[in-house]
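Peer 1: This is the structure I have questions about; it appears just below.
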Amino acid sequence: MIFLKLIKSIVIGLGLVSAIQAAPASSIGSSASASSSSESSQATIPNDVTLGVKQIPNIFNDSAVDANAAAKGYDLVNVTNTPRGLTGILKLKEATNIYGYDFDYLNLTVEYQADTRLNVHIEPTDLSDVFVLPEHLVVKPLVEGDAQSYNFDNSDLVFEYSNTDFSFEVIRSSTKEVLFSTKGNPLVFSNQFIQFNSSLPKNHVITGLGESIHGLVNEPGSVKTLFANDVGDPIDGNIYGVHPVYLDQRYDTETTHAVYWRTSAIQEVLIGEESITWRALSGVIDLYFFSGPTPKDAIQQYVKEIGLPAFQPYWSLGYHQCRWGYDTIEKLSEVVENFKKFNIPLETIWSDIDYMDSYKDFTYDPHRFPLDEYRKFLDELHKNNQHYVPILDAAIYVPNPNNATDNEYQPFHYGNETDVFLKNPDGSLYIGAVWQVTLFSRFLSRKHSDMDKVIKDWYELTPFDGIWADMNEVSSFCVGSCGTGKYFENPAYPPFTVGSKATSYPVGFDVSNASEWKSIQSSISATAKTSSTSSVSSSSSTIDYMNTLAPGKGNINYPPYAIYNMQGDSDLATHAVSPNATHADGTVEYDIHNLYGYLQENATYHALLEVFPNKRPFMISRSTFPRAGKWTGHWGGDNTADWAYAYFSIPQAFSMGIAGLPFFGADVCGFNGNSDSELCSRWMQLGSFFPFYRNHNYLGAIDQEPYVWESVAEATRTSMAIRYLLLPYYYTLLHESHTTGLPILRAFSWQFPNDRSLSGVDNQFFVGDGLVVTPVLEPGVDKVKGVFPGAGKEEVYYDWYTQREVHFKDGKNETLDAPLGHIPLHIRGGNVLPTQEPGYTVAESRQNPFGLIVALDNDGKAQGSLYLDDGESLVVDSSLLVSFSVSDNTLSASPSGDYKADQPLANVTILGVGHKPKSVKFENANVDFTYKKSTVFVTGLDKYTKDGAFSKDFTITW
């Protein structure tokens, strides 16, 4: 949750010291304690310990040295050809020691790993004090085939170099275009600063380099800071995740390639008019080039190497409801009942930190969430085929040793006994404020059993269905080990008011003219409390505040090169653990800060496998890194209830698709601030087409469940009916993404990669290859503009609602009717979409009859597929894949696999049939149909498919 979200804990290195409102926790192995709503006097974390040291980012510092101008570079000597490439030694020409101490000698290794992949690896000859990212933490792409033999003529990529004033180029062999070139730019490689520059073509199109709130294209002038950061979704700032990969889409040659730097270092990337500059503050150079040649090819090649996305359970495609403020079991129950009352499908209800006792992980509040009522609620939820997901913040509370009941908090003792918590350089426990529940030191030391145990014990108490992993950048609300020697004052308040009332509203919201203003006002919950005036003093420590050069690892708290970190002072320790915090094997946070969330996700995923053997773990996490998609889905973080953030959710989804995190969604209707009926209506409909669909908001904001406003409820029911009808299509896309790495939401420029006019389109998107969504992203309008590539030429589009072909023109920005409650949706000709009659839950929907929507292209052809299994098994023993093809007025269905879907096929709708057929046959039997405006509606097929819609091959002819 937001960095405003509270100092939920005085933290222990890898654990959280949940601190806030109340007394001892009801935790695993502890007895119930006083209510967390207690009004007794409490200590407060002093504000001064939250303030970092003011840094001037180098990019804003006019007096900063330009490394590219000052550095002398290296010469390449001792080049040796290898079966897969070459090796050599880079010798420093002259030390300049601009932002660290230059390394005299570097090892160069070039490896042709596959026909479409090339690796360039540069590291110091002496690796003392150099962090090299271990392969067991983040997988390293390996050579395909025989490592001792390769036919270089087969490679799509060619490596060329110059010995004197070393530089290199990567060239596409088929077109001879230079994809990457450091010519004219010296390599800088020191203990705390690495820099290389590559030329780019003019009018380049660079995408990726997440995570930030930005449009699809990183235009010239963009600065991308890659440093995981707990901050509430600032536009153009570094936020939760780090993904050092970009796509370079070139329209002159109609090709796309990808470049990936495998590093966990703090990084900064500058996009110029004709160049890209990449910097890191530690580590080595480990570059991978993927040749594409299409955007989809390049994405798949990259994602395949970092790890294909997790296969999410079928139920995850249902609607999820959450908010910070469901603070009693009665409120949770009321929300679930209201969704049923208003006939709005609800699959999963979520809990934010409200359920915890004093905000301690793995606990429940015995007064607001009494265990018997809590379990009864969960039993009823599961009985109705619904699900529950609680939050798990990345921290373990440090109990007060002077309080016997408080000291019974077992998760702390588990971790302490196995020595998994972060340490200060002197070996003492690093104690911050709001830290991680998944113990990072444990990950590096391979100790997982305690994590498995606490999660399993937690599940035994309150049987959840998945985990929401938050605050795992990792976040700490104070600078340094501020809790050292102070945990005996726990629990303690944060240094700000928790849940203060939100006063902002979306652009276009007029209070005086808002017919629902009165009801909105009445729904505001006065939950803010005033914190105590007492304080917890910070621990004293000696810190080098200067960005000075230092030998060895260097000055890691304040490195000589200051990045632009989106915190008020740019201090690396602001809202984060200090860079000098030490992990189990001596690794410092400075080198692996960006990995924290990823390693938590890995451990949590495997702990969930202990809870749900051979079931697909469900997890949504905030901080991500390459390969995180193998373990988790992702949500867009603490956005704002405003139109701009509805728009930004689309390019953010594209960026996560590139990064291998296709199961993505934003907080629908907005997290921070107050939403209104118009924005929420539009956003609920937009969100219904994202893979992950959740409404969530801030404690102090007004209610924004879709049933709060009648207009939003109706709009939601309309779009949810479409989503649930298309669940088989979405599940098939989930499977495709899991097996191929393809994103689910797709940019127009990926679908039509040779049309430069589409390069920046990020206000529309494809769902798979078959659906085009054109949302309204501004207030006070009833029309929206959209483009439809190839329309009127080689492409055909059909209106979802009328099922008629729309006569658009290629390259024209078409005006679409979009009254409130209506989201324009079109089907691209040439696709077959599997459907299933929607029910209230995913489980109900899966029991209903199937259908097919066939959208013919200009040649009367179409194709598609359907994937089915039990929807939850990690290792799928039984599955069904149905291939659909249409040509010559015949639809053919060819199933393969042994999974039995008992539900019949009820109907088939065929779009784009020019003349009314004389008859329609299922196999050789005449079947009922109607014809209207180029659409054939075939019904009554259930009597021919009683044994299951896809139990055998069939044809339908017309």
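First residue shown is number 1, and so on along the chain.
From the backbone N, Cα and C atoms, a Cβ is placed for every residue, glycine too.
The active site annotation in Swiss-Prot covers D470, E473 and is backed by similarity to another entry. Per Swiss-Prot, active site, proton donor is recorded for D638. Annotation source Swiss-Prot lists N-linked glycosylation site at N61, N78, N107, N197, N403, N416, N513, N580, N602, N813, N907. Taken from Swiss-Prot, the feature signal peptide covers 1-22.
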Peer 1: For N416 (N-linked glycosylation site), what is the secondary structure state per DSSP, taken as helix, strand or coil?
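Peer 2: The residue in question, N416 (N-linked glycosylation site), is helix (DSSP, three-state).
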Peer 1: Does anything in the same chain, at least 6 positions from N580 (N-linked glycosylation site), have a Cβ under 8 Å from its Cβ, and if so what?
Peer 2: N424, P425, I556, N557, V588, E589, Y590
Peer 1: Of N403, N602, D638, N813, which is closest to D470 (active site) if I measure between C-alpha atoms? They're all recorded positions.
Peer 2: D638
Peer 1: Which residues in the same chain, at least 6 apart in sequence, have a Cβ under 8 Å from the Cβ of N907 (N-linked glycosylation site)?
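Peer 2: In sequence order, the residues whose Cβ lies under 8 Å from that of N907 (N-linked glycosylation site) (at least 6 apart) are P849, G851, L852, F937, V938, T939, G940, L941.
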Peer 1: Please determine which of the glycosylation sites listed here (N602, N813) has the lowest count of neighbouring CB atoms within 10 Å.
Peer 2: N813
Peer 1: In the structure shown, with every protein chain counted, which of the glycosylation sites N61, N78, N197, N403, N416 has the densest set of Cβ atoms within 10 angstroms of its Cβ?
Peer 2: N197
Peer 1: Between the glycosylation sites N61, N107, N197, N416, N813, which lies closest to N78 (N-linked glycosylation site), Cα to Cα?
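Peer 2: So, spelling it out, the nearest of the glycosylation sites is N107.
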Peer 1: Hey, what's the Cβ neighbour count for D470 (active site) at 10 Å?
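Peer 2: Its Cβ shell of radius 10 Å holds 28 other Cβ atoms.
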Peer 1: Taking the Cβ of E473 (active site) as centre, how many other Cβ atoms lie within 10 Å?
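Peer 2: So the number of other Cβ atoms within 10 Å of E473 (active site) is 28.
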Peer 1: Count the other Cβ atoms sitting within 10 Å of the Cβ of the residue listed as 'active site, proton donor', across every protein chain shown.
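Peer 2: Around the residue listed as 'active site, proton donor', other Cβ atoms within 10 Å: 26.
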Peer 1: Run through the Cβ atoms and count how many others sit within 10 Å of the one on N107 (N-linked glycosylation site).
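Peer 2: N107 (N-linked glycosylation site): 17 neighbouring Cβ atoms within 10 Å.
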Peer 1: Please report the DSSP secondary structure of N78 (N-linked glycosylation site), reduced to three states.
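Peer 2: The three-state answer is strand.
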Peer 1: Would you mind reading off the Cα separation of E473 (active site) from D638 (active site, proton donor), to the nearest angstrom?
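Peer 2: That separation, Cα to Cα, works out to 13 Å.
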Peer 1: Nearest to N813 (N-linked glycosylation site) by Cα, among N61, N107, N197, N403 (glycosylation sites)?
Peer 2: N197
